Amino acid sequence: MTEIDRSRAFAKDVKRIVVKVGTAVVTGKGGRLALGRLGAICEQLAELNSDGFEVILVSSGAVGLGRQRLRYRQLVNSSFADLQKPQMELDGKACAGVGQSSLMAYYETMFDQLDVTVAQMLVTDSSFRDKDFRKQLSETVKAMLRMRVIPVFNENDAISTRRAPYKDSTGIFWDNDSLAALLSLELKADLLILLSDVEGLYTGPPSDSTSKLIHTFIKEKHQDEITFGEKSKLGRGGMTAKVKAAVNAAYGGVPVIITSGYAAENISKVLRGLRVGTLFHQDAHLWAPVVDTTSRDMAVAARESSRKLQALSSEDRKQILHDIANALEVNEKTIKAENDLDVAAAQEAGYEESLVARLVMKPGKISSLAASVRQLAEMEDPIGRVLKKTQVADDLILEKTSSPIGVLLIVFESRPDALVQIASLAIRSGNGLLLKGGKEARRSNAILHKVITDAIPETVGGKLIGLVTSREEIPDLLKLDDVIDLVIPRGSNKLVSQIKNSTKIPVLGHADGICHVYVDKSGKLDMAKRIVSDAKLDYPAACNAMETLLVHKDLEQNGFLDDLIYVLQTKGVTLYGGPRASAKLNIPETKSFHHEYSSKACTVEIVEDVYGAIDHIHQHGSAHTDCIVTEDSEVAEIFLRQVDSAAVFHNASTRFSDGFRFGLGAEVGISTSRIHARGPVGVEGLLTTRWIMRGKGQVVDGDNGIVYTHKDLPVLQRTEAVENGI
């Protein structure tokens, strides 16, 4: 569940809401109504109305809609000769008159479908000079709200005496943004929401990648920092008008949030207290953080520190890892105490047993982590390694070398030990790192992050590894494709899918760990028992644990299958069957073969032969890790060649699919994708390549006077290069 932002806590007490939708939200291309977008907003407002909120809508769009209709009418009534003449600009007030009826007709139709009554309320600025008018307006709106009617306000542009350019000549209101602010004050609203075509107020034009979204507007801080871009071509005011209206309302006592009308459920998110859009509040200056560090700042700092790390010698980088390993062991008691608090809190909160199991750092875990960090330190330095060397032409040498990817964003759930593995891999590979762990491991992640960053020398800086503590920062981070180079999610299918659908940054990872063990008819019973038990029970919550047991059909006749099942049942494993196995073994039939239990449970099914097992794995598996138990080498080779998974084993537990056990030192995750890295991802998976060319003044000059040799040259190992003085 997404956490409530503390600065938005007032939202829980909101009763009366004014929502203003701008022309850019109401209309789409060509000035026509954006039916889908507007319909989604109406559904949110109807739901709020049903939940007891008092909803007031201020809607722009009449002029734009009317202009579109009048242009069509003008086209229909024009001759070909008329169309060759310069076209006169349509009168805005006539457009407003025509468009208002169409706009209101849409609202009536849409809200009627949602069983909500609406009322049209057209006002002009001059009306508000009359005290009696304002009093009557308030009484009328209150009466409507008591009957669950939604008033729909708009300025009556058709009869307004104001002319373009629109200015605040009267001090009352000058567009629908300022009208919404005025109404929120007059009608004593608890909140004003201004819906725009952008996510909120930025420090510069939203199209500029360096512009930052301002989550909380602080007048004293931001009013001189903001550079406004061009306003919408459809509307009148743009962001400048919205900010001015928001400041007026906020300092009059009504909180304001500017957010996108394009994003689904944004109104509902605002009222749940989530950090969307930009908040304007009269007390905002009291909430300003001591250090205003944005997601972009964290990513940029991580990149700068990574460049300092790469500039160190191989021995210095190795020493950092040894220092981290030592620091982990020295602080073992403190780490364990914080982890115990996380585990106790998770159990008290009623988290699933599988999640709690992943959260626990068992005795000896810190020592094991320290050992893996030391193993990683002693591996060959991966940075700057020459992978290929080519003589392009005489005295023109080209080298393909290994290089860090840049800045990594790792989002992981539950397992705090993953933080240590990921951080050590990032340091060894020379990458900057941003980490976001699950809130259930908050204390464990915080202490591990502190221990690790304290061990990093000042010449590099602790900002090499940033710890993201608020879930609300993740959407911001996923937009930073110019400063974050790779995202690696480690967690549930839902988490991985959400991240893949929310970013342009390349994503490396797997959504499911549905691992199979297939026991062939020639498999040895004792070996099968050991492998199946280990694959399921060594760590049931692991992504490389067995989730489906496939058995050759011949084994159901000789008692082999019964013996296997007995072993699992006596060890507390809950069994679910496919159609054949459930009938044979009298166990519940599984709802889906594509299911990751992450607990002491698994699916069992009987297949015809190795080809049936392969087909089952391809249809229902996740391309993670699959194993065959057989003494028939020919059958084993068929399985190993044809199963299209990241890791395929013969007579070995799926639990071996692990970076540490593969000798990678540690792993940042397991990838089931087919691009860049596959299987357990260690240091190699966090590297890319660069091309280094050394010449003696050669130029292309149309390839005249140069003879390409493209001769492969021997690549010296690093130790050989040092010995030869290269």
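Cβ from N, Cα, C; glycine included.
What Swiss-Prot records for the substrate site is SER60, ASP157, and among ASN49, ASN176 the residue it adds there is ASN176. With the fewest other C-beta atoms within 10 Å around its C-beta, THR240 stands out among the binding-site residues SER60, ASP157, THR240. For LYS242 (ATP binding site), the count of additional Cβ atoms within 10 Å of its Cβ stands at 29 [all protein chains shown]. Every protein chain shown contributes to the tally, and the Cβ of GLY238 (ATP binding site) ends up with 19 other Cβ atoms within 10 Å.
Under the three-state DSSP scheme, THR240 (ATP binding site) falls in the helix class. GLY238 (ATP binding site) sits 11 Å from ASN176 (substrate binding site), counting Cα to Cα. For SER196 (ATP binding site), applying a Cβ distance below 8 Å and a minimum sequence separation of six or more within one chain yields GLY22, ALA24, VAL25, MET239, LYS242, ILE258, THR259, SER260, GLY261.
Under the three-state DSSP scheme, ASN176 (substrate binding site) falls in the helix class. Around the Cβ of ASN176 (substrate binding site), a 10 Å sphere holds 28 further Cβ atoms from the protein chains shown.
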